[in-house]
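To start, the structure itself, in structure tokens.
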């Protein structure tokens, strides 16, 4: 029988529910259980694919091409699993499916209501996420906070699950903020009490509290919360602020969180062996070197827009025994006059993805600087496309060369729209999304990074591609197409073999990086940056 764990939040949002859920998932996986995890987002968008990065942060793409919440990146990195389209559910997605069924007459004339039709659809998504992955345990995080009007159907569905599958198969975990008032010199439990009262008013009695605190709460506070919120004192778990996120599973294990969960769900499984994880955390906290990486982006005011990129850089730093000193460079500020001042001390330069014209000329200037000064450079998605544009302009002397996305009237569209995208009008969910194979060129730096594999599978999110009408001209000038689709139609990776490391990929390698298994192209980039640093 599948076990269901539901994680809700109270008092404030952005309290770390996703990290708690992911950490618990890691602990349960290390007990030998097959775990999957999903996120419920109460907003009305179908998915975050068309949302501004300033609103939502990065869009995380799964193997099967779902555009999802960035929390799924945390889930995959912590638990080291590959999620699917059932792992992110929004209000918009549920309502659109229910309304489509209503239009097709599938409800046989019934009045379509929140209960039971919306709640049934939500419960179906929970069960599908478990059955499609054949999981022993599914953890479902509900976005937002208890009390939000948007969350009510989701919480009602969670309440009903207890009756549907039995109390021994369901556990409710509520995460809240435990604020410390410096002037009073004490922690305040009242916000948590009111949050739990609100949750209980909706028919859900939490079995565990996870309290987010800046400093240890003490047993007295835990006992008080246990008494007022009707949970066992040992089931009041602290989630303290830490230096590194990957410490959190160890901190939760030290408080027996996973054992309490297993006892409640009647799971008789071995204790989690976290030896390897602990060794990784110890290494992360004692890195011997520091490497300066310049990230040239257009959304740098909100680092969450590049969350997976940053994590992938860190992961590759771990295996190189180096901390990543990240310098956020606003692409709009990069000009021929400022580029040396902005990038002159960088050991490596990364140019990540994005959409739209703003900042692209600055990115092109950064790529030119990396090429001309032989600074290790990694381009991702739009960064790959602009690498081709830069080379066309400044090496092939194709004046005004550009992407057709950025300049539809360019004389030299070295980047053009994909053929199967030409007649598509909708923006949402219509990109080339998900896992696709990439055939590597033997002897290239890219193939070397991937241990000379012939084919790798990586996740994509794009609508434009390299224009093959220019391929011969590029190749004759020494530009290497080191990764292509198996049918040789789509350019996936480009590089300059005479540079320390000058590689750009159409796909998003960061989406498959893990702290204990860094992505190979990122690792090759950081290795080159470390060597460049030592050569200074």
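A Cβ is built for glycine as well, from the same backbone N, Cα and C atoms used for every other residue.
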(Q) Looking at CTP binding as recorded in Swiss-Prot, which candidate out of 101, 104, 222, 224 goes with 13, 148, 149, 150, 188, 189, 190, 191, 192, 193? (A) 224
Q) Besides 54, 354, 382, 383, 384, 385, 463, which of 333, 337, 405 does Swiss-Prot list for that L-glutamine site? A) 405
**Q.** Matching residue for the ATP site, where Swiss-Prot names 14, 15, 16, 17, 18, 19 - out of 64, 69, 71
**A.** 71
Q. In the predicted model, what is the mean pLDDT computed over the domain 'Glutamine amidotransferase type-1' (292-535)?
A. 93
Q: Enumerate same-chain residues with a sequence separation of six or more from residue 188 (UTP binding site) and a Cβ-Cβ distance below 8 A; give 'none' if the list is empty.
A: 178, 179, 180, 181
**Q.** Cα distance (Å, whole number) from residue 15 (ATP binding site) to residue 192 (UTP binding site)
**A.** 13
Q: List only the single closest residue to residue 191 (UTP binding site), chosen from the recorded positions 16, 71, 381, 385, 510 by CA-CA distance.
A: 16
Q | Under 8 Å by Cβ from residue 510 (active site), counting only residues of that chain that are 6 or more apart | A | 308, 309, 311, 312, 380, 519, 522
(Q) Validating a neighbour-count step here. Other CB atoms within 10 A of the CB of residue 354 (L-glutamine binding site): how many? (A) 21
Q. Once the chains shown are all counted, how many other Cβ atoms turn up within 10 Å of the Cβ of residue 463 (L-glutamine binding site)?
A. 16
